[in-house]
Structure formats: structure tokens, C-alpha cells
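Undergrad: Got these off TrEMBL a minute ago, pasting:
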type	residues	note
COMPBIAS	333-350	compositional bias 'Basic and acidic residues'
DOMAIN	23-296	domain 'Sugar phosphate transporter'
REGION	326-350	region 'Disordered'
TRANSMEM	40-61	transmembrane segment
TRANSMEM	77-95	transmembrane segment
TRANSMEM	129-147	transmembrane segment
TRANSMEM	153-175	transmembrane segment
TRANSMEM	218-240	transmembrane segment
TRANSMEM	279-298	transmembrane segment
């Protein structure tokens with residue numbers, strides 16, 4: 001039974017990872033066409049629409065009894081939703097005020113900072129093998145994606161704030177689900193309105209600051225509206241799979257998956273969109289994939305070891321319980337036999 005349960009969990013994790021990769025790569029390609037080819041540059045406002053459609057979709061699913069809501073402390077959910085919304089806005093500002101290379105460095109810094117926070121505050125232990133595989137992954141992605149590094153004070157401050165809020169938000173996504181025993185769907189359903197609200201208010205301001213254009217003055221053609229609707233529909237899957245992956249695995253695993261998406265997007269960009277591709281990109285992607293493979297292997301081995309230890313502990317507890325019950329049964333049988341003997345001694349002999 002334990003092995004069947006473990007296999008079922010593994011299949012669930014694989015399904016969540018596949019859904020996350022497929023939906024994320026799809027939305028990147030869709031948004032690239034929307035922003036680069038159709039000239040719609042309002043990324044933060046678009047994200048607020050994504051979250052609004054996600055909430056509406058989940059609300060309809062809840063009304064149709066696809067999942068049950070679970071009451072969670074409103075203050076916790078509100079702060080969590082606002083934190084995630086601020087994180088998205090800061091990442092977009094970081095991209096706007098930094099070079100692409102420095103923005104990629106910001107994304108790379110999320111993994112080691114997450115490891116540091118989980119080690120310090122959650123007392124989580126990361127083996128040397130895991131740390132080595134993460135180091136290889138970061139080196140590979142850095143080689144493949146970082147082209148230029150231009151520093152400025154405002155951009156550096158925004159990047160630091162984006163790293164902190166992103167790490168804390170993703171750690172909370174995992175922690176809230178496990179400690180409050182809520183599913184990824186339940187948490188997303190309750191936090192999405194607050195994320196959407198903060199971005200709906202701040203999005204046009206952030207986009208105005210970054211693009212010098214007004215989202216409400218933009219001329220929306222039919223093809224632009226079609227791609228916006230398509231992007232919002234794909235975003236439902238992206239948001240759902242994000243919470244699902246972090247809940248089933250960990251924030252670090254989700255970031256590793258994010259870098260796999262980066263490698264896939266670079267590959268798709270070269271094959272489908274004919275983006276420039278060099279030997280440096282190829283070497284970096286290969287090193288990154290090797291690091292991801294090692295990370296996956298080491299995680300699997302450690303999970304199996306933990307599973308076997310948990311199974312052994314549960315078997316020992318079952319044996320102890322059986323012995324305890326056996327002892328009680330023997331004791332009751334002895335008492336019954338003693339009572340029978342006393343009864344025989346009292347009965348007269350005929």
C-alpha cells in the first residue's frame with residue numbers, strides 16, 4: 001500500500017510539472033507575439049487580467065462543485081495575495097530599469113536566496129549533492145541567457161526587492177498549503193482576487209512608467225483582443241499549475257522548473273521564431289539540463305530514502321502496537337483462567 005501511494009504521488013508530481021512547463025512555454029510564445037509583433041507592451045496590466053480571469057474560472061468551477069472552498073484566515077490570505085501581486089510588479093519594474101542580463105541575474109539569484117531563507121527560518125536541510133546540482137544549473141542558465149550586465153542604483157534596489165518578495169511569496173505558497181491543509185486550488189481561489197486587485201490598480205501606473213504609453217488609450221484591434229483572450233485562458237493553467245507544483249514539491253523545485261522553461265523558450269525561439277542562437281547558448285543549455293537531471297536524480301533518491309525510513313518507522317510502530325495488544329489479550333486470558341480456577345475450587349465435589 002505504501003509503494004502504491006508513493007507511485008501515485010510521483011505521478012501527480014510529474015503531471016503537475018508537465019502542466020506547468022507546457023502552459024508556461026505556451027503563454028511565453030503567445031505573449032511574445034502579442035507584445036513584440038502586435039505592439040501591446042502592457043505586461044503588468046495584462047497580468048492583472050490573467051488573475052481576474054483565473055478567479056472567475058475558479059469561481060465558476062466552485063459553483064459547479066468541482067472543488068470545495070475551505071475557510072482560511074482572511075488576514076493571512078489578503079497579505080499573501082498582496083505580497084504576490086507586489087512581487088509581480090517589482091519583477092516587471094526590475095526588467096524595465098535593468099538590462100536583460102541583469103534581470104536574468106535577478107531570476108538566477110532567487111534559488112540561492114530561497115535555499116538561504118528555508119535553511120535559516122524553516123530549518124530545512126539541503127544535501128551537498130543538491131547544492132552542487134543547483135550550482136551547475138545556475139551556471140548553465142547564466143551562460144545561456146546572460147549577455148550584458150549594466151548596473152544602476154534604482155534597478156539594483158528594485159531587483160533586490162523583487163528577489164525578497166518572490167522568495168517569501170513562494171515559500172508561503174508551500175507553507176500555507178501544508179500547515180493549513182488547503183489545496184492549491186483553494187489557496188489560489190482565495191488569494192487571486194487580492195493579487196488581481198493590487199495589479200489592477202498599480203498595473204497601468206507601472207506600465208505607464210515603463211513604456212510611456214497609456215493602456216486605456218491603446219487602439220485594440222480584433223487580433224490584439226484575440227491574443228489577449230488567448231493569453232488570459234492559458235494563464236488560468238499557468239496560475240493553477242504554479243500553486244500545484246509549489247504545493248506538491250518545493251519553492252526551489254519550482255525555480256528549477258522555471259529555468260527549464262527558460263531553456264525551452266530559448267530553443268523554441270531559435271527553431272520557431274528564428275531568434276539568434278550561438279554555441280554559447282547551446283553549451284549553457286546543455287550544462288543547465290545536466291544540472292536539472294542531477295537535481296531530479298538526487299531529489300528522487302533522497303525521497304526514496306525518506307520514504308523507506310518512514311515505512312520502517314511505521315512498521316516498527318505497528319509491531320509495537322501488535323505486541324501491546326497481544327500482551328493485553330494474554331493478560332485478560334490469564335485473568336479469565338484464574339477466575340475459572342477459583343470457581344472450580346468453590347464448587348462442591350459430588
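Cβ atoms are placed via backbone N, Cα and C, with glycine included.
Owing to the predicted nature of the structure, the values given are computational and were not obtained by experimental measurement.
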Undergrad: Relative to the transmembrane segment (40-61), which of 77-95, 153-175, 218-240 accounts for the most Cβ pairs at distances under 8 Å?
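TA: Going through each listed stretch, the top one turns out to be 218-240.
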Undergrad: Express the predicted model's confidence over the domain 'Sugar phosphate transporter' (23-296) as a mean pLDDT, rounded to an integer.
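TA: Value for the domain 'Sugar phosphate transporter' (23-296), mean pLDDT as a whole number: 89.
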Undergrad: Can the transmembrane segment (153-175) be said to touch the transmembrane segment (218-240) if we require at least 3 CB pairs below 8 Å and skip pairs under 6 apart in sequence?
TA: no
Undergrad: Using Cβ atoms and a strict cutoff of less than 8 Å, what residues sit near the transmembrane segment (77-95) while being 6 or more residues removed from its termini?
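TA: 43-44, 47, 51, 103, 106, 155, 158-159, 161-162, 165-166, 168-169, 172-173, 176, 187, 190-199, 202-203, 206, 209-210.
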